[in-house]
Amino acid sequence: MVDSDTDRSPAAAARRRLSASAPAPQSSPLPGAPRRETSGSHIPLNPRDAPAIPPTPQRPAPGAAPEAPEGGFSLSNWFDGIPEPDWEAIGDRVMATPAVLATTYRETRAQAKVRAIRNAAEHEAKRLNLIEAQATAKAAQVIADQQEAQAKARAEAQRVAKAKRDAEHLAVAAKQADIEAHRLAERERLVAFQAVAVSDAFLRNQRILDAQLAAEARQARLPPPPTSAERLEAEVSAARAAIEASRTPLYVAPYDLPSTAPNPPANGADMLRRVLVSLVAVLVPAGFWWWAGIEALGFGFPEGHLFSPGRSLLAPAAEAQWIWPVIFSGFIAFAIYQWFPSQRSALRQRAVGYPAAAALLLGFGWLWCTHAGLELPALALCMGTTTAICYALRQLNLLTARSTWERVFTDAPVALFLGWMLALTPASIAGLFGGRGPVQQFFAVLALMAVVCLAAAWAMTERGRVVLALGFGWCMFWVVTERLLGPFPSVWVALAACLGAFVVLVAAENRRYQINHAEHRAARGQSTIF
């Protein structure tokens, strides 16, 4: 197709005319002679310059091998022996190159389009396969979910049906039990009625017999016969049981029960008490924080102060002072709660207000003397603080809390402060003597045993004071930490402090459990002696 188009082009026609009019090229027979080609006419050479030209040999056929020159190998002869290219074919090919390239380009583009279409079709097929696979997976998941939901629904229906059957069985059993109980009650009532009838008949017969004997005795002038011993013993036992039942109550609480009497009328003394307690509860923490700053939490204490961990074996770590914000917050809540209408003239507030305020003031003085290094005044104020707070808790034990609010906002702050002071008092005493030898360890363990007994006794007052046990356990925890991890360890003191905290907490919880258990048994009509 390309060759036919090329033969009809003007360029091809021109080439054919030129090739028809031009003679065949001739090659020089001499090795050094220049090769000249003419087209149409020969240009004459100067006879003087041109050498004699021998006759031109005939050109061999294109397919024949050249004859080897005589006299050896010659490069010119070798070049002359190379067959001349077909310039017409070369020209045709050169002229046909654009068309060939255009055709090749078009074929390449067509093939590229075919490949692109094929790739797009393959990609679309893959995408459709992926969509189909996803749809199949989604459908399978939906079917699985439906099957699972159906299984759950069947299981739930079975469970409901089983529960319904069980309920019906229980209802039938309960009805049968009621019928049986009614039958037994009727039988017991009948038996009791028969027993009463028999007893009445026996008594009537006995009275008749006694009357007959008495009549016979009167006739014979004899004294009446005595009553039988069994009858007298039964009557005496019944009388004693009735007397004991009327005399002994079912349950006696081991603490003073809350008073149900109304509060007395408020007066000016109540207002003065509320104002003073509020001022102390607010000014003492504010003054202490303003004066001590960060040292209020145990930081910045000078080395060798009364509560330095190296001063005594009973001194807790400095982190134990973190309880002071909790104590101050509790007394602020105590001061706010006393302004409630139900507490303005309550007997509990009258009894505990001034002792609690005095304990807070003495505690502030004790802390100030401790920071100032005044050891003897600090010890005296510590003992005074403990005494005042013990008196306050004693008043609360005599006047038991009437509600949960009173236990939280009145009893809890006082109990927490007392538990903390009970644990800190032996540390104040031991700080005066110092020392860390075996003798000091022995006396430290004895002091811990004594203070544990005292704290356990206070924790078992009223219904059991767990908050007091928590305050005591807080101090003991930091004593254990300091004695195990501090620079002056003591395993015996740490063990005694740990056991002491555990004993006090168990004592408080045991008191609460015993009272609750006794109250529950009394409510069921059972004996509370166990």
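Cβ coordinates come from backbone N, Cα and C, glycine included.
The region 'Disordered' annotation in TrEMBL covers 1-79.
Look at TrEMBL and you will find 9-25 (among others) tagged as compositional bias 'Low complexity'.
According to TrEMBL, the compositional bias 'Low complexity' annotation covers 61-72 (among others).
Taking Cβ pairs closer than 8 Å, the transmembrane segment (275-292) reaches residues 324, 328, 331-332, 334-336, 338-339, 353-354, 356-357, 360-361, 363-364, 367-368, 371 in its own chain, all 6 or more past its ends. Residues or ranges marked as transmembrane segment by TrEMBL: 275-292 (among others).
The annotation transmembrane segment is assigned in TrEMBL to 322-340 (among others).
Marked as transmembrane segment by TrEMBL: 352-368 (among others).
If one looks beyond the transmembrane segment (414-433) by at least 6 residues along the same chain, the residues whose Cβ comes under 8 Å of a Cβ in the stretch are 306-308, 311-316, 323, 326-327, 330-331, 334, 352, 356, 359-360, 363, 375-376, 378-379, 382-383, 385-386, 389-390, 392-393, 396, 440, 443-444, 447-448, 450-451, 454-455, 458-459, 465, 467-476, 479, 504. What TrEMBL lists as transmembrane segment is 414-433 (among others).
Annotation source TrEMBL lists transmembrane segment at 439-459 (among others).
Per TrEMBL, the feature transmembrane segment maps to 491-508 (among others). Residues 313-314, 419, 441, 444-445, 448-449, 451-452, 455-456, 459-460, 464-466, 468-470, 472-473, 476-477, 479-480, 483-484 of the same chain lie 6+ residues outside the transmembrane segment (491-508) yet bring a C-beta within less than 8 angstroms of a C-beta in it.
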